[in-house]
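Q: Please read through the structure below; I'll follow up with questions.
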Amino acid sequence: MSSALRIFVPVKRVIDFAVKVRVNPAKTDVDRNVKHSMNPFDEIAVEEAVRIKEKDPKTEVVAISCGSAKAQETLRTALAMGADRAVHVEVKDDSTLQPLAVAKLLQAFANKEEKKPDLFILGKQAIDDDSNQTGQMLAGLLNWPQTTFASKVDIENQSLKVTREIDGGLETISTKMPAIITTDLRLNEPRYASLPNIMKAKKKPLVKITPEDLGVDITPRLQTLKVEEPAKRQGGRKVENVDELLDKLKNEAKVL
Amino acid sequence: MLANTARIALKTRHAATLSRFYATGANGANTLLVVEHKDGKITGATLNALTAASKLGGEVTALVAGGDDAVAQAVAKCAGVNKVLTAADAAYSKNLPEDMAPLVAEIQKKYNFTHLFAGHTAVGKNVMPRVAALLDVAPVSDITAVEGEDTFVRPIYAGNAIATVKSSDPIKIVTVRGTAFEAAAAEGGNGAIEAAPEAAKANLTEWIGEEIQKSDRPDLATASRVISGGRGMKNGENFKLLYDLADKMGAAVGASRAAVDAGFVDNSLQVGQTGKIVAPELYIAVGISGAIQHLAGMKDSKTIVAINKDGDAPIFQVADYGLEADLFQAVPEMTEKL
């Protein structure tokens with residue numbers, strides 16, 4: 001039997017994927033007064049960590065979220081899915097928290113923990129800022145290998161074989177731990193937390209720390225000058241039949 | 001000399017637009033373009049990123065890593081490339097970020113570029129943020145417009161909002177959305193080729209192999225025509241109707257999340273917020289209602305066609321041409337008449 005793994009899973013609270021976001025009247029941000037939930041790619045990350053734990057129950061899964069007080073809801077969801085404990089890095093205004101700062105917070109946390117992580121499993125991107133940066137930056141800061149956009153993960157002892165989604169197909173990489181994995185949509189189908197597990201999650205440990213505790217400067221490097229609605233499409237024209245459709249595509253839109 | 005004159009001419013031509021830029025220095029931009037190539041060819045996204053980099057108005061140096069001389073020579077001929085740096089070691093040919101990022105960081109330390117550009121592709125997304133971490137810079141992902149030397153436009157919330165962001169970092173690390181910029185001309189340039197400085201190899205990862213889908217159909221993300229099916233297809237077998245039409249049109253096939261979740265097709269075909277973002281010339285949505293998550297992945301398509309028997313489906317609100325009909329009759333009829 002291999003030695004027990006310790007897996008850190010960073011999760012982010014974002015506007016729910018089914019919500020139609022709207023730009024605020026001041027055009028500085030979107031309206032955040034809407035339903036939030038765990039970033040879908042992070043659910044996949046938690047699920048993967050929990051599946052690893054199910055194969056080897058000695059595995060410890062630690063969920064981490066950087067954000068405002070409400071990030072704790074997201075951490076409770078991760079605990080209800082099967083994470084063992086949670087860490088909340090509390091910041092006042094999570095709308096200005098950027099991937100570089102999050103990567104530095106995670107790096108500082110990993111270095112500070114007495115028991116070092118073997119793996120970080122992150123979502124490939126958050127569906128709010130769509131940056132797709134944090135995992136790669138964390139790997140760079142720690143000088144660990146990175147296996148991004150993972151659709152299959154095989155672990156044996158301290159070795160890792162990951163199949164990655166690349167343009168046009170798949171690629172397989174092998175590496176040693178400690179390492180970073182970022183999840184793609186195909187990796188797994190996340191479970192729903194059952195009611196008993198949601199109740200149990202309320203008793204699991206959740207500690208709160210601050211960026212100051214970790215000694216990390218989270219000043220944003222990117223300033224958002226404005227946020228606008230995308231251009232509206234002029235849709236809505238209907239055609240009568242296939243012949244008219246093909247005629248319009250050939251002669252009007254000239255795309256056939 | 002010739003290159004210099006051309007640069008001055010370019011600068012003069014851009015003077016009017018440059019005046020509204022937030023100037024970062026008297027010398028203007030000096031950009032490194034990280035070239036992506038595969039099987040001896042420059043990837044299309046690199047040529048789009050070159051166009052975006054050229055909008056900064058300064059010099060563009062291209063990095064070709066992986067030891068492919070033919071690619072380096074082809075890049076040197078691209079319009080807008082002033083110089084090509086080559087890192088000949090074949091260790092770079094698999095684009096492993098653990099080796100690529102230190103190389104780019106080493107080059108940056110020697111040449112002091114103001115901007116590092118690459119395509120927002122699987123490779124660009126993998127390598128550039130790691131480079132940014134090594135240089136302590138916040139990168140800007142997936143830009144759709146260049147507003148100035150430090151100001152860029154990028155979609156957020158899967159394209160449901162458009163943000164204009166200004167970087168306060170001394171180096172701007174940017175990945176470019178290919179569909180938002182024309183490809184640069186592969187001819188007309190005359191860049192000098194020189195060797196890049198050596199960088200230490202990390203040897204952290206091993207490339208095992210790849211499985212590239214050998215389909216005659218074009219790649220979904222870059223296809224100029226896409227036909228997608230939704231829940232209305234009813235089952236996986238019926239997707240053959242779409243494959244037949246796609247083959248007639250030289251189109252790629254996609255799907256809505258509903259079709260993927262129902263198991264009709266593989267996840268890799270999903271178009272939408274959590275799947276692929278496409279912007280083809282022609283997008284045909286078949287049996288797709290048009291949920292916001294799906295629209296997020298295709299609403300920048302040039303021409304959108306909807307085929308759906310529900311005349312009230314939201315997809316008709318964004319479709320340039322909507323055909324209210326039973327797809328099981330309309331699609332075979334289209335295939336036959338093309």
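In case you wondered, yes, glycine gets a Cβ from its N, Cα and C as well.
Per TrEMBL, the features are:
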| type | residues | note |
| --- | --- | --- |
| BINDING | B:R231, B:256-257, B:270-274, B:287-294, B:N308 | FAD binding site |
| DOMAIN | B:31-216 | domain 'Electron transfer flavoprotein alpha/beta-subunit N-terminal' |
Q: Can you tell which of the binding-site residues (B:Q270, B:Q273) has the fewest other C-beta atoms within 10 angstroms of its C-beta?
A: B:Q273
Q: Applying an 8 Å Cβ threshold (strictly under) against chain A, tell me which of the binding-site residues B:R231, B:Q270, B:I288, B:H294 fall inside, in sequence order.
A: B:Q270
Q: Any idea which of the binding-site residues B:I288, B:A291 has the thinnest Cβ neighbourhood at 10 Å?
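A: With the binding-site residues B:I288, B:A291, fewest surrounding Cβ atoms within 10 Å: B:A291.
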Q: Under DSSP, is B:Q270 (FAD binding site) helix, strand or coil?
A: strand
Q: List every residue in the same chain as B:H294 (FAD binding site), at least 6 positions away in sequence, whose Cβ is under 8 Å from its Cβ.
A: B:G230, B:S256, B:R257, B:V271, B:G272, B:Q273, B:A285, B:I288
Q: For B:R231 (FAD binding site), what is the secondary structure state per DSSP, taken as helix, strand or coil?
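A: The three-state answer is helix.
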Q: Hey, does DSSP put B:I288 (FAD binding site) in a helix, a strand, or just coil?
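A: Its secondary structure by DSSP: coil.
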